[in-house]
Amino acid sequence: MSEQEVLQKNNSPEGKEDRIIGKHVFGNLYDIDAERLNDKEFLEKLVLEAVNIAHMKLVEIKAWSFGGKKGGVSVIALVEESHIALHTWNEYNYATLDVYTCGEDSDPQSAFAHIVNALNPKRYQMFYADRSSQ
């Protein structure tokens, strides 16, 4: 057996391979009501709801408002499984959303869908990347 094969084997009784499960859902949201995109408290509550819906465990959440041209709100939720990041630009009616989780039990797609449904963009793009170790 090669060294590489040894490293890929798991010594668990089930014989399952030992690996990291990484699920990354991210996207761009267009043509959103500017008032919603500038409401820091609403957006922070929305991200907290998404954490719970996706079966994540919150470590800390922070939200910031940015004024001036290209201003908006950023909300970052650090979760045991990884993070949710929401960034808005109210002048452009635009937001980006990033939901990354590790582990089999979390559901980043449900968190993404919850935030998209609440913000109600006229259109959006969603992307998925498998960030697993194998």
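Here, residue 1 is simply the first one shown, and the rest follow in order.
A Cβ is built for glycine as well, from the same backbone N, Cα and C atoms used for every other residue.
Note that the coordinates shown come from a computational prediction; the quantities given were computed from them, not determined experimentally.
Here is what Swiss-Prot says about this protein:
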type	residues	note
ACT_SITE	Ser82	active site, schiff-base intermediate with substrate
MOD_RES	Ser82	pyruvic acid (Ser)
ACT_SITE	His87	active site, proton acceptor
ACT_SITE	Cys102	active site, proton donor
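The Cβ neighbour count for Ser82 (active site, schiff-base intermediate with substrate), using a 10 Å radius and every protein chain shown, is 21. Cα-Cα distance from the residue listed as 'active site, proton donor' to Ser82 (active site, schiff-base intermediate with substrate): 6 Å (rounded to the nearest whole number). The residue listed as 'active site, proton acceptor' falls within a strand segment according to DSSP.
With a 10 A radius on its CB, Cys102 (active site, proton donor) counts 18 other CB atoms from all the protein chains.
The residue listed as 'active site, proton acceptor' is surrounded by 18 other CB atoms, counting those within 10 A of its CB over all protein chains shown.
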